[in-house]
Amino acid sequence: MKTFNSMFEEEPDVVDLTFPALDPDEVVYEPRSSRLLVRGLGENDMDEDDEDCESSARLLGMSFMNRSSAHRSSSFPYTRQAPPRSCSRPSARTTVVCVLFLVIVASMTMVLYFLPGCTFTKAGCRKTNKTTPFEPVYPLSTNGKLFPWAQFRLPRSVRPVNYDLTLNPDLNNMTFTGRTVITMSVLHNTKIIVLHSAHLNITKATFKVGLEGDVTVLEYQTRQQIAVQLSEEMKAGQSCVLTLDYSASLSHTYDGFYNSSYIDKEGNKRVLAATQFEPLSARKAFPCFDEPAFKATFLIKISRKSNYTTLSNMPQVKSTPLPNGLVQDEFEKTSVNMSTYLVAFIVADFTPISKNVSETLVSVYSVPEKKEHTDYALDTASKLLEFYNSFFEINYPLKKLDLVAIPDFLAGAMENWGLITFRETTLLVGNQSSPLEKQLVASVIAHELAHQWFGNLVTMSWWNDLWLNEGFATYMQYITSYVCFQGNLFLAVRFRALDKDALNSSHAVSTEVNNPEQVEEMFDSVSYEKGASILMMLNTWLPGKQQFRKGIIQYLKQFSGLNTDTDDLWNSLTQVSAQHHNVSEMMRSWTSQKGFPLVTVSRQGGQVTLTQEHFLLTSDKTQQLTVFCTLFSLWNIPVTYVTDNCSLGPECIQMFNLKTKSGTLELPESVKWLKLNYRNTGFYIVHYGDEGWAALKDALSSNVQVLTQEDRASLIHNIFALSRLGRVSFYQVLNLLKYMSNETESCPVTEALLQLNVIYRLLDKRQEDSLHYILYRFGSLMDNQTWGEEESVSKQELRSALLGSACSLNQENCIQQAKALFKHYDESNGTSRIPGDLQQVVFTVAAQSNEDWLTLLHMYQTVTYDAEKRKMLRGLASTQDARRIVWILKAGLRGDIIQTQELPLVISTVCNGFAGYLFAWDFIQENWDRLIEKFPIGSYAIQTIIKSATSQFSTQAHLDRVQGFFSSLKERGSQMRSVQEALETIRLNQRWMDKNLPTLQKWL
Ligand SMILES: [Zn+2]
């Protein structure tokens, strides 16, 4: 799946990044909504600090840490207590005291643990336990009987082999009926069959093993599970068939089998039904074993009215008229075993264009009036399909591949096998659209096509390793888009992944997942962008150009049709390694612990010492255990570096493997400076010390070209991050930025503007004077930008960032040019077009005037280009008029004029402005229940909403309010990781302001 609010749709302008921040805790955590049902078998007794500590300890072979930390949390059943306080950088003495303390606690808890007759549960040692400590506590079914299964994950005693699905959707009444026939094979002797079903009203159930007969189905709604209890035990090796008839409503949210609609060009409302099953919603359309490891084949039949068409994963084989006047379409049985989350079907009146590529018929579907926007997608998908067929050395296994633009769709796109669904914005693009807009479409197609192998053919066993799907697809997305467009978006994406991973609320790439909210939360920048970043680092480290690719091919061939975990990937890559590089050893340190290292350089003549530590932004003294654990965090870092002797080409790269706390390398004494992390392909931040930074700044001041633009951007990113960490002063940051007056390339400029913009927005919310420093440094560069068509993607990126900042700071020339372009566009009656990369700045300027805002709203309702429409919406939402802000928020929730899929974007845009950020916060609090009805708790959309609404706060009063609101939510979202992230961010903002505001006031 492609989540939607990535850097991509932020497009090139510099709006929208949170100030990376701080540190959790003091949140009182209610128990997760799913209660602990098996005594002694905690669902997930450890809190995150423990996990982090555990993974660090495991790396060091310190198994004793596990028990002590697991214990600590088990004695505090219903509050995830704040870890003990400590200094952020403990001295050696503190460390010794900490160790002693922990050893004592560990010993005492072990003694307690082994006291006879006492079983520790999440609720502590509450009563003596005379029975087995693992006796399950079964929940009650809806009919009052005991439900025979007490775990979140399904039992492994039977596995589905084939599903025969018949679906009868009724688009008038928004309901459907269905019949699911599941053929299963018994793996272990059992008397129960447990599977998933959510919001389905099961009307009849029959079961056949030998003889066929009716059975009773028990349902436990909390876990969305149903169970069939058999009177006789089935034996391993037997096969059996369960048939379930059911009825349900089409979902009015964005998951399951849901209804969507659009207004056609005659102004009529057209309804359709589509599916979105990843991660946990196939169970809302048919009863199934809804976990990725239960792969099976599917035969699907759907009935429709004659003026509609249906689509599914496989080609249609026949259409049969039904007695009730409807038509039933039947699709070929899937030729491959498939996870349930990849099943898809659509009933709509879309029109296709098609083309044969190798053995596959590729088609792009859209609503009829947007057919002329599908050419680019068809062409791109065809080229990419050929590219992947040869890149992976495995041909795409299905006979057809459909790409469908759905009018109302929450994710960016979804990789259903053979039937990829998209937002209209991520698939449809006009011939005259700008290269930047085409790049977005191409990259999303590249992402979803990569999934047809990485994810669909080889699938993660469980959601804890979601990154195997998403990290890889994200990596391929950026690699192909760099090849086709030479854009440099991946660099900025890696910077943002670092910013998020620097927080204590972050998590390991592979992380335990034990309830639905946690599954949803895996769809975040750690799985996607950090996953992609560490793959890039590995690819750069492996010697030989094709070695990474060979390892990937080996992995895909070895596990084709199967499920895997992270170690399987590393093992495949190790196997093909010519120099016997131990990929597993290196990469485990990047996937099993959260965060990333800070590498500090200290130099004495020719001797350079590199030291690593966990880069952890935390301003809170309460994080004693966290900080203690970070002392043990070690990464196996493939450090690259260049020096002033040779610094630009790949031939200049020198390597150093830093596996221990510190290491030393030798340089000629004559070397003036060194720059680590060549082109920022490694996932770490570097601190050069006062002298090192000064030397780099001097080098850049005399000649910008001594480093690649990626290296320059990485220096800028790193120094801002270090200032947030408190390792360099903001004065040093500004000092480095002095060289910017000579800068002309997009990467360093966009990164600097983005960082400054974050600070500017925080200052703005405190009604501090604008950061006119921006204009001072970038003034001439801003003035040099043109307003006509521009072909180069990197120049477009540069131009839209610079002009976006100039206009947001009310630079007169910028405002006048933007207004003139808007006027010309309005008067041309659709015959002229604003260059794609300038549309955002033009619409945003226009929206600030009363009259033009109304004009823009009218345009928004009539424009057919989706990319343009979205930029108009951001313009509309950037208004500073309070009544309009409230109107647009409400309209986004209603979903009539503004589709609800756009609400996260509306909220994030409103929050950037001074007038809107408090309204948006009130709106979220007032409408929380409706928001989580539309966007599941933990989902990417909710993560975005929380982040946008809170990242602008920097005062204690706001912190208290945010904390108060989220803790009042209890099971309605208080446990989300993004809540912790929000609190950390506000605290870090607060700390940063306290520390730097006086300096800034003096300086600026
Ligand atoms: Zn994806």
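The backbone N, Cα and C atoms fix where each Cβ goes, and this holds for glycine too.
Zn(2+) binding, as stated in TrEMBL, involves H447, H451; the candidate among E424, E470 given for that site is E470. It is H451, among the binding-site residues H447, H451, whose Cβ has the fewest other Cβ atoms within 10 Å in the structure shown. Annotated Zn(2+) site H447, H451, E470; additional same-chain residues within 8 Å of its Cβ mean position, judged by their own Cβ, are M1, K2, E415, E448, A450, F454, G455, N469, F472, A473, T474, M476, Q477, Y528. Between the alpha carbons (Cα) of E448 (active site, proton acceptor) and E470 (Zn(2+) binding site) lies a span of roughly 10 Å.
A separation of roughly 5 Å, to the nearest angstrom, links the Cα atoms of E470 (Zn(2+) binding site) and Y528 (site 'Transition state stabilizer'). Reported as a whole number, the C-alpha separation between Y528 (site 'Transition state stabilizer') and H447 (Zn(2+) binding site) equals 11 Å. Averaged over the domain 'Aminopeptidase N-like N-terminal' (160-342), the predicted model has a pLDDT of 96. Cβ neighbour count for Y528 (site 'Transition state stabilizer'): 28 (other Cβ atoms within 10 Å of its Cβ, all protein chains included).
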